[in-house]
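Notes for the one structure printed next.
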Amino acid sequence: MADERSKLEQAGEGTNFSSDEIDRLRKRFMKLDTDASGILETNEFLSLPGVAANPLASRLMDVFDENHSGDVDFQEFINGLSTFSTKGNKKEKLRFAFKVYDIDRDGYISNGELFIVLKMMVGNNLKDAQLQQIVDKTIMEADKDGDGKISFEEFEAQVGGTNVYQSMTLDLF
């Protein structure tokens, strides 16, 4: 039991969760892991409440999947959820939001990446040409150093003054 507790404490290092919260998340993870493989495949991850209906569900899965394995292990699960906890700070939440847009994980949001993610959100409600105009205007406004892409610092300057990060808080317990 003590060994199990220390494993949970170790898993929780660097997160915003107490060991009791980690234990509750482990139990939730095990319920989601319907095939008891120790990892969440895409279909299991999408069974998280509110995720399947989210137009960015595939991007959320990719951001949680820190090692690019195509699935989410328990450590990745709690690391990702930590951002959404009530104890997650503004910068963590903005960093997560940035990663949703940074598809190739190069530390920048390109014109193409912004288009893809916005297309996921608006679907066919806008013509591609209209969406491209929005993307171009957004890049122009946010890109302060003129390199044609948005760095995290530029992203933070653009959206940090909004309350978007507040919508990234979930009551997990």
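For all residues, glycine too, the Cβ spot is worked out from N, Cα and C.
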Figure out which of E21, E44 sits with D33, D35, S37 in the Ca(2+) 1 site per Swiss-Prot. E44
The mean pLDDT across the domain 'EF-hand 1' (20-55) is 92
Cβ contacts under 8 Å made by the domain 'EF-hand 2' (59-87) with residues that lie 6+ beyond its boundaries: 11-12, 14-17, 22, 25-26, 29, 38-42, 45-46, 51, 93, 95-96, 99-100, 103, 117, 120, 168-172
Integer Å value for the Cα distance linking D35 (Ca(2+) 1 binding site) with D71 (Ca(2+) 2 binding site) is 13
